[in-house]
Amino acid sequence: MQDWKHAFWLARFELRASKKGFLGLFVFFIFMMLFFVSSAGSYLENNFAGFDVFFILFFTVSMIWTKPKDFQNKKINGEIFASPSLVMLNQLPIRKGIIVKSRFIVHFVYAFPFQLALLVSLYLLTPELQELMSLGSYGVFSIIWLAFGIYAGSIFPASDAGEKLRATTAIVYGFIFILIALFVFAIFQLISDYGVVQWTIIFAQKWPFLSSILSILLAFFGFNYWQRYMKKTMEKLDYL
């Protein structure tokens, strides 16, 4: 618990320096909320994949794109891409575990409140969802996606530790990832009558207890796994 207190104290410096970034984040959130609210009814009826893609992005990487450039990962030296603020903290007499925790705090301050606000707004402003799901079922649906934001979204604060990666290699990996993601979505749409978000609605309605427990467990193990991964990466890389 003491480590988390120290980590929060460290995180406050970046969060205070990112005040202008939160204004951009709020504007981005409004646009995304309007998109999801205006298209949710059509998605539930016609099942278009674009809704799934943007929903997944919102709960993983999209909020991080709005971080100020000074705090985004950059080329540090040679072939290492990492967070400049993490590299600076790593040169100070601070335990790596505390630095890791501070990066996760920053990430979830950026992501979690807006993810929760989207889920609340989506239900309140979408009559089709209110007709389709009870408040209890929607609560389970929300747990599924908030947990997904934790175990999948934790990849991104973990990436602050950096990787040895050439620019061309990063571009190739990014291109391959996009192709694989598009292929998976295309196959999913072809073999299934429902999209990813629709399936989570079904899980929330038919198996609420199992869906909640499984989601919480995945969030717990994912959250802890990516912290350990980040710490090992920091111990392995030479940032100087």
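Glycine residues also receive a Cβ, built from the backbone N, Cα and C atoms like all the rest.
TrEMBL lists 21-42 (among others) with the feature transmembrane segment.
A Cβ distance under 8 Å defines the sequence-distant neighbours of the transmembrane segment (48-66), meaning residues of its chain 6+ beyond its ends; these are 21, 24-25, 28-29, 32, 35-36, 39-40, 42, 107, 110-111, 114-115, 118, 145-146, 148-149, 152-153, 155-156, 181, 185-186, 188-189, 195-197. Per TrEMBL, the feature transmembrane segment maps to 48-66 (among others).
Tertiary proximity for the transmembrane segment (104-126) is limited to same-chain residues at least six positions away from its ends with a CB under 8 Å from its CB atoms, namely 7-8, 11, 14-15, 25, 29, 32-33, 36-37, 40-41, 58-59, 63-64, 66-67, 133, 135, 138, 141-142, 145-146, 149-150, 153-154, 156-157, 223, 227. According to TrEMBL, the transmembrane segment annotation covers 104-126 (among others).
The transmembrane segment annotation in TrEMBL covers 138-158 (among others).
The transmembrane segment annotation in TrEMBL covers 170-191 (among others).
What TrEMBL records for 207-226 (among others) is transmembrane segment.
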